[in-house]
Amino acid sequence: MGSLEHQVGNTGSKRIAALNTPPPPSHCHAHHLDLDDQKPGWRKFLAFVGPGFLVSLAYLDPGNMETDLQAGANHGYELLWVVLIGLIFALVIQSLAANLGVITGKHLSELCRAEYPKYVKYCLWLLAEIAVIAADIPEVIGTAFALNILFKVPVWAGVLFTGLSTLLLLGLQRYGVRKLEMLIAGLVFIMAGCFFAEMSYVKPPASRVIKGMLIPKLKGSAATTDAIALFGALVMPHNLFLHSALVLSRKVPNSVRGVNEACRYFLIESGMALIVAFCINVAVVSVSGTICSVNNLSKENMDQCRDLNLNSASFLLKNVLGGSSKVVYAIALFASGQSSTITGTYAGQYIMQGFLNLKMKKWLRNLITRCIAITPSLIVSIISGSAGAGRLIIIASMILSFELPFALIPLLKFSSSSTKMGPHKNSIYIIVFSWILGFGLMGINIYYLATGFVNWLLRNDLPKVGNVFIGIIVFPLMAVYVLAVLYLTFRKDTVVTFIEAEKDEHSARTHVEKKLEAEKYDQSARTHVEKKHDNSNQMFELSHLSHREDLIDIHPPN
């Protein structure tokens, strides 16, 4: 069997022809498809479960918790529509990322390297690395807060400790990644269960919750800022690179039907994972909004609601857990931060491998990324304490939101392009829906960037010369941002990576090659038929393309 990247012949499946591996004869394919049809649907689905749930951990990281808590405390239920749109949008684009990997056999960063000029490619790589670092900041601070709650460790010391905890986590992966992920996910869902229990206790008004989901509203000066941060925490650019690569760790049946089934199973899995993430995010916002809006709130809790952060949010669970609320909350917060480290590690590895064709050991890659993320977190926590560290999470989420177009636009263009996807390109409905949401997000970002900066210039205490100097620097950068978005949007794809299946074998291979291949595959098929009753799994493996061999050292095990 060849690499996942080879072109499949007589079945009609279309893949990137990165390797000149000749397809097996058509009669062997027919036999393989029959074996595939015998496998129960639920077993087929289970074979594809993994990438979507791993990616969904990023939607439950400390950055999401921080923005959810502040959105609820500051605006009640009014920003729940952002959570709904954000996760609907996340489902659409995550499924597009999965389809891109399945159809092309390459992940997003590899396609960017093939498509864009050298200077654009390096700029996109740099922005992707910044996105990974920005996503890592909430994990650093969340872990530091958890240690502060559990052991009274200063936040700045907890930030330093996160580097060691990352190495420990990666060391534990040697005992089984899946077991470790299930343990961490279980701890995260403990926290989710606590918020669900708290929500049933405080009983937020269902009508206001539904109204907040369905009626967009931005009331107050900080509403736009919180909405952008909330959206940025939900839809993260590095997740697009990650998901398009993780699907390559699954073995896709060597047929058009198999490819279509794989895309459908990945969509179902992503939908299930994101529905869980949506419910948890709604529960956190609702609990925060309900408790912080009651009239008889104590002065201490009122002060905490005014400046709510991850370090002070455990009081929200007191009604359910009483005195043990801090411990359970801190353990879950620690698990949330560390589980997200896994997604950041793999995303960074795929980004580096795709854009630069370089690979690095997981522990070294994670340590470098974590050390870079530690620097701003350490400086802010020393100067401003936990309050400043909490605000840094919001800033990191806003950075992710501003960077999203530089991963989203290539994904939308590639997945809608016949040069990349052939007949598997997006339907007109998906194209319209995804581009409307994408342009809406980019419009909000640009509006906030322009109006926020102008308001700051008008209200700050700097001398006029200083304002003029800052304006000379910042306004050109804003113009560059807009021009870069327009360039990616309207640039026509020039590299054709989709190759039609060969219709005539005689034009592609010589008679001798065909004869040798036929003998080889006939012998292989006979061997597997003879072993059918002893080892049926081997027959099933014959009907699959193997996963990407060049990624074998960095993808999670099947």
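Please read every residue number as a count from 1 along the shown chain.
Heads up, the Cβ atoms here are built off N, Cα and C, so glycines get one too.
Unlike curated entries, TrEMBL annotations are predicted automatically.
Feature annotations, courtesy of TrEMBL:
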- 42-60: transmembrane segment (TRANSMEM)
- 80-103: transmembrane segment (TRANSMEM)
- 124-147: transmembrane segment (TRANSMEM)
- 153-170: transmembrane segment (TRANSMEM)
- 182-202: transmembrane segment (TRANSMEM)
- 222-242: transmembrane segment (TRANSMEM)
- 263-287: transmembrane segment (TRANSMEM)
- 327-347: transmembrane segment (TRANSMEM)
- 367-387: transmembrane segment (TRANSMEM)
- 393-414: transmembrane segment (TRANSMEM)
- 426-448: transmembrane segment (TRANSMEM)
- 468-490: transmembrane segment (TRANSMEM)
Cβ contacts under 8 Å made by the transmembrane segment (393-414) with residues that lie 6+ beyond its boundaries: 62-63, 66-67, 70, 93, 96-97, 100, 108, 111-112, 115, 124, 127-128, 130-131, 134-135, 137-138, 141-142, 225-226, 228-233, 235-238, 240-241, 244, 309-310, 420-421, 426, 431, 434-435, 438, 441-442, 445, 449, 481, 484-485, 488-489, 493
Residue numbers, six or more beyond the limits of the transmembrane segment (80-103), whose CB comes under 8 Å of its CB atoms: 14-15, 51-52, 55, 59, 68, 71, 111, 209, 212-217, 227, 230-231, 234-235, 239-241, 243-248, 252, 259, 262-263, 266-267, 270-271, 274, 277-278, 281-282, 285-286, 408, 411-412, 414-415, 420-422, 424, 426, 430, 433-434, 437, 441
Intrachain neighbours beyond the transmembrane segment (222-242), with Cβ under 8 angstroms and 6 or more residues off its ends: 55, 58-59, 61, 63-64, 66-68, 70-71, 74-75, 78-79, 82-83, 85-87, 89-90, 93-94, 97, 107-109, 127-128, 131-132, 135, 138, 281, 343-344, 346-348, 350-351, 354, 394, 397-404, 406-408, 411, 441, 444-445, 447-448, 452
